[in-house]
Amino acid sequence: MPCFSCWKLDTQPIVRPMVFRKDTRTMLSRKELFKDTLKKAAHAWKRIVELRLTGPEDAQHKPQAFSTIYLFYVGGSKLAEAGMFVPAIKGQGTEEQQKKWLPMAYKFQIIGCYAQTELGHGSNVQGLETTATFDPSTDEFVMHSPTLTSSKWWPGGLGKASTHAVVYARLITEGKDYGIHGFIVQLRSLDDHSPLPGITLGDIGGKFGSGAYNSMDNGVLRFDHVRIPRDQMLMRLSQVTREGKYVHSDVPKQLLYGTMVYVRQTIVADASKALSRAVCIAVRYSAIRKQFGSQAGGPETQVLNYKTQQSRLFPLLASAYAYRFVGQWLKWLYTDVTQKLEAKDYSTLPEAHACTAGLKSVTTSATADAIEECRKLCGGHGYLNSSGLPELFAVYVPACTYEGDNVVLLLQVARFLMKTVAQVATGKQPVGTIAYMGNIQHLMQCKSAVNTAEDWLNPAAIKEVFEARALRMAVNCAQNISKVPSQEEGFSELSPDLLEAAVAHVQLIIVTKFIEKLQEDIPGPGVKEQLQKLCSIYALHLLHKHLGDFLSTGCVTARQGALANEQLGKLYAQVRPNAVALVDAFDYTDHYLGSVLGRYDGDVYPALYEEAWKDPLNETVVPDGYQEHLRPLLKQQLKLSRL
Ligand SMILES: Cc1cc2nc3c(=O)[nH]c(=O)nc-3n(C[C@H](O)[C@H](O)[C@H](O)COP(=O)(O)OP(=O)(O)OC[C@H]3O[C@@H](n4cnc5c(N)ncnc54)[C@H](O)[C@@H]3O)c2cc1C
């Protein structure tokens, strides 16, 4: 039974404990915020144990209930990057290592972080400098940070909370450098949490925004010849023997792809959550906010009725749904990849890698931009912390950088596309999300048959132009690279164009998965119809935004581009009556949204007014500093120095 003395009624009929309150988070100092996050996480875990929700574990993480409760109640607050510590051990640890370490991590007996990035190197993992040198005389690795730039820098949870880390370091044995490998290293005492001898640890300092990622102790770590047992090297893919011999195991290194697909799938799903949250706030508030248009003293116009507001907001609403469906499909892809790995079929892995890298990049970049757009769509009030949007933006935006910088990832996609174009030229049939490239004869010369604005509602017409645009951009790049004597030089010279080709390919994947989703049964009267409109909006707004690509590759004429825009306008008008219902369908509680503007009951102004008084600046009527600074100024008692 819950302890009712500490539970309080929400504006909606649910009970939640006061410990999970988050309305003051942006006003807390860094120290208070961090402590508050520890409190929330510990309480969430306590309740999970009390309510016996500890199973089943999902594929890679803590028990599923923890992820869910954490997301809904702890929300933007973060505690440690357990999300990567566990998958790293699952993916790279032997069965024995998994048996030893994972139960402790699942039960929070240890807290782990993922320590890869260094002060001097992030994207270029091969450039990492931390060393792990094997000492056969003691059967240990010696972990060392030889330079300032080799300091581990950024790992989430490292600064203050973690007791352990998976540390990536150059493995050196028998005098030879075998490159980057993972090691489980205990960082702090399990008795008093102090750093172990030879280990320097700290937080790297405040980050962008109030609240947000500042609840996370991203940290710095240095080793001074720290010894760890040999069996703490993650040894699934390669081992160091007792004598110090480096040996590859017979486990193929492609197994790592499974973990990577899993992690990226969660990032895409998170993009949909963050975007739908921002859109929910902006749509609800736009239905409440009124400006101008009053006739004869009547009510002003809801800003949601302005065509400009719709043309900025509804594509974001459509994107939130699009990312949800592509995220669901990625879940399926993960299962498919796992089954193929078990059957030792590695043929589709490069495609799965490119596809997940591209989707991570495109969905996170678009979501970060969209949250900021939602802030602007809420006018001045959107800039207040109480709107929930500044913190959402600040906490979300690093998703464009962590787990692979978005540009670096798109360049990997582009490399894969160039390889595929070359293979298609030799007659090889591509599979999965690049299967369309096999239709090269048709796609290189087809012209859209669209003749009226309504023709753009046909999914086949949409798919054809998106496929033709993506393929032609990739082929153009490949042709231009081939004109440069060195392929590498050509790739580097053309990298801005390659990025655009990669984006076109990824947008095609999202559009296709949305269209495919709508070929399934969708329960609920009229729901499918609404989703079809959103699917058309998603595709046509991309066509409108990237019209230059479609025109320059010759798959769409200027007239057809104008027809697409005309159809978009009609779709916006059709979506308008259901816009609020379409965001209510996300089913977010007020507590989860954390926004006075996005309140379910629409009672925005009293909430805004009340929220302002909670600011610490309003604790006194006359501000601190009045006597020392403001009064002398007002009384003209300042000692002016002679000019
Ligand atoms: C909030 C947050 C949490 C993090 N958590 C962790 C964690 O838990 N563990 C961990 O190990 N790390 C973590 N990181 C670090 C993160 O993984 C790295 O910041 C990320 O990999 C990018 O690397 P970088 O910082 O070296 O960027 P850089 O690679 O230095 O990027 C700088 C610029 O150079 C560009 N660039 C780089 N390479 C190329 C190229 N080949 N071609 C063209 N352009 C290029 C990039 O696009 C970018 O614009 C975190 C970072 C943040 C912000």
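Think of each number as a place in line: the chain as shown, counted from 1.
Glycine too: its Cβ is placed from the backbone N, Cα and C atoms.
Here's what TrEMBL has on this protein:
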- 18-111: domain 'Acyl-coenzyme A oxidase N-terminal' (DOMAIN)
- THR117, GLY156: FAD binding site (BINDING)
- 257-418: domain 'Acyl-CoA oxidase C-alpha1' (DOMAIN)
- GLU403: active site, proton acceptor (ACT_SITE)
- 458-635: domain 'Acyl-CoA oxidase C-terminal' (DOMAIN)
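The two recorded residues, THR117 (FAD binding site) and GLU403 (active site, proton acceptor), show a Cα separation of 10 Å. If you measure from the Cα atom of GLY156 (FAD binding site) to that of GLU403 (active site, proton acceptor), you get 12 Å.
Per-residue pLDDT, averaged over the domain 'Acyl-coenzyme A oxidase N-terminal' (18-111), rounds to 77. Note: the residue listed as 'active site, proton acceptor' has non-local neighbours VAL263, ARG264, ILE267, LYS360, i.e. same-chain residues 6+ apart with C-beta under 8 A of its own C-beta. The Cβ neighbour count for GLY156 (FAD binding site), using a 10 Å radius over every protein chain in view, is 25.
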